[in-house]
């Protein structure tokens with residue numbers, strides 16, 4: 001029986017990190033976690049990491065699509081924070097960011113790791129950006145690297 005499973009060490013991977021500026025006080029912690037994970041655990045070199053800043057989470061799918069179409073990257077990590085408010089805006093932004101990023105991954109056949117927090121309140125966002133609930137930016141970065149390695153294994157099988 002053959003079992004394929006990716007590892008997180010990917011020293012030659014070229015990774016784009018698309019990060020929303022809106023809610024930057026949370027997103028910068030996600031970015032720090034992602035970069036730390038890429039470099040320390042994934043062993044990705046500085047010169048192989050590109051950071052692209054978007055106005056908000058809604059814009060992440062278009063930027064991810066352009067990054068994927070450039071064929072310069074092995075994976076994309078999308079980071080942002082959408083916090084529920086008193087209107088339906090949350091559902092629109094969170095839903096479009098999620099489905100749009102998933103579509104990019106499927107259409108471009110490149111790992112697009114979803115590191116967009118969708119929380120009920122700011123406390124939940126803070127917990128997921130490096131406190132009680134870990135750092136979801138770091139988790140997304142490691143997911144991206146694992147998928148890069150897994151896809152390479154599938155292609156070689």
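Every residue gets a Cβ built from N, Cα and C, even glycine.
Now, the feature entries from Swiss-Prot:
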type	residues	note
BINDING	22, 57, 58, 59, 81, 82, 83, 114	5-amino-6-(D-ribitylamino)uracil binding site
BINDING	86, 87, 128	(2S)-2-hydroxy-3-oxobutyl phosphate binding site
ACT_SITE	89	active site, proton donor
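Annotated features, which come from Swiss-Prot, shown on the structure.
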residue : record                                           : Cβ contacts under 8 Å, 6 or more apart
22      : 5-amino-6-(D-ribitylamino)uracil binding site    : 55, 56, 57, 80, 81
58      : 5-amino-6-(D-ribitylamino)uracil binding site    : 92, 93, 96, 97
59      : 5-amino-6-(D-ribitylamino)uracil binding site    : 20
82      : 5-amino-6-(D-ribitylamino)uracil binding site    : 23, 57, 90, 93, 94, 97, 116, 117, 118, 119
83      : 5-amino-6-(D-ribitylamino)uracil binding site    : 23, 90, 117, 119, 120, 121, 122, 125
86      : (2S)-2-hydroxy-3-oxobutyl phosphate binding site : none
89      : active site, proton donor                        : none
114     : 5-amino-6-(D-ribitylamino)uracil binding site    : 78, 98, 101, 102, 140
128     : (2S)-2-hydroxy-3-oxobutyl phosphate binding site : 117, 119, 134, 135, 136
Let me check the 10 A CB neighbour count of residue 87 ((2S)-2-hydroxy-3-oxobutyl phosphate binding site). How many other CB atoms are there?
8
Three-state secondary structure of residue 81 (5-amino-6-(D-ribitylamino)uracil binding site) from DSSP?
strand
